[in-house]
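Engineer: Submitted below is the structure of interest, expressed as structure tokens.
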Amino acid sequence: MSARKYFGTDGIRGRVGQGVISADFVLRLGNALGRVLTQGRSKRPLVLIGKDTRISGYMFEAALEAGLVAAGADVQLIGPMPTPAIAFLTSTLRADAGVVISASHNPHYDNGIKFFSAEGEKLDDATEAAIEAALDEPFHTVESERLGKAIRTRDAIGRYIEFCKASVARGFTLHGLKMVLDCAHGATYHIAPMLFRELGAEVVVIGAAPDGLNINAGVGSTHIDNLAAKVRECGAHLGIAFDGDGDRVLMADDQGNPVDGDDLLYVLARSWQASGRLTGTVVGTLMTNYGLEQALAALHIPFQRAKVGDRYVHQALVEGGGTLGGETSGHLLCLDRASTGDGIVSALQVLEALGRDRQSLRDALTSLSKVPQKTVNVRLDGGAAKAIVEAANVQQALQQAQAAVRGRGRAFLRPSGTEPVVRVTVEADDAGLMQDTLDRLSGAVRDAA
């Protein structure tokens, strides 16, 4: 397949008002999607549009709506909702596509567009290529009698809450549990507190007062220290932090210790194995901590690594018949419960596992020993990152680094595809060995640059 012109690994994203993240481009994008969906159809396609809480969402929602309606597609406006909720609603409302206006964990001045298929899954490469091709064609408005219509959906919140509840056993309850929720001033701000309270938890909420500008600003899964401090302050059993669009989740235990995606993957894998729910191979990424790989091996749980990005984790799970995977950042996939990464559903799976195993979050992690890991970004003065990584002296240094940590960790290089940077990562069970190996390997990359 030829290189993508607009789409990245997770839709289209960037700074508002710069490049393609502009109202006129999003208008054309909506029109392109509408034209792709109407091809070969006599019936008007239906497209759902959701968004997070950043202020530019209003502008892009209107632009998408206009472009789609002009192409002859009907639109349902969902309003602020978690990204995975749009995936679910696209499927359950029998829509032909779902669109989310969000830049996930990025600051308010960024925004982006993500797409879902009729099945509530990320678009395949062929459909993305068709949309890109349509973008290079003139804007088209159908005859007046074929124009689409737009309505605002009123029952989306209730539908999604019931979907989340259905992901755990019918008798599941959180009575007696005190938790802190950090909603990142984002798309989960109204849903998550309601859901966890309905399940019986005592909920202390932070990061749930969005103003369009404060999404992810010092709150949420990218600023876990705030959650940890609040857990300690109010004596909660644990804390849960989402990112701005609700597809990531991180936690803090009762002592305020941060719990990342690798930790949560371990809790779920071990519990699911014991209950017979675990199938296939657990999938992580190149960045998944070596300690998790070793801990799963000790439990005889097969594990494999995919490229960084939940798109690639999902692909590996589907190809290998697995249902559990995730990233250190908190993108967790529980494919027997949701078609995409869902922060709320993932949090419920962890809480259900802890309840079934009669363990606190801290106790559930006592058998997992992660190793020190560090990444250094080496910025290049010239030359492509891929060419630097493939240079003979860099490859020799990489082989030496891998030999130094063999059986105790890993060493690898990742050339950036978007900037002149080589990411150098080393992890080892000894911090001194890790740092020494990292210094040597990153030095070799700098010398080659």
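Residue 1 is the first one shown; counting continues down the chain.
Backbone N, Cα and C atoms are what each Cβ position is placed from, and that goes for glycine too.
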Engineer: The Mg(2+) site in Swiss-Prot includes Asp243, Asp245, Asp247. Which of Ser91, Ser104, Ser117 is also listed there?
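Structural biologist: My reading of Swiss-Prot gives Ser104 as the candidate in that site.
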Engineer: Can you list the residues of the same chain, besides Ser104, Asp243, Asp245, Asp247, whose Cβ falls within 8 Å of the Mg(2+) site's Cβ centroid?
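Structural biologist: Nearby residues not in the site list: Asp52, Pro82, Thr83, Ser102, His105, Gly186, Ala187, Phe242, Gly244, Gly246, Arg248, Gly343.
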Engineer: Tell me which residues of the chain lie with their Cβ under 8 angstroms from that of Asp245 (Mg(2+) binding site), as long as they are six or more apart in sequence?
Structural biologist: Asp52, Pro82, Thr83, Val100, Ser102, Ala103, Ser104, His105, Gly186, Ala187
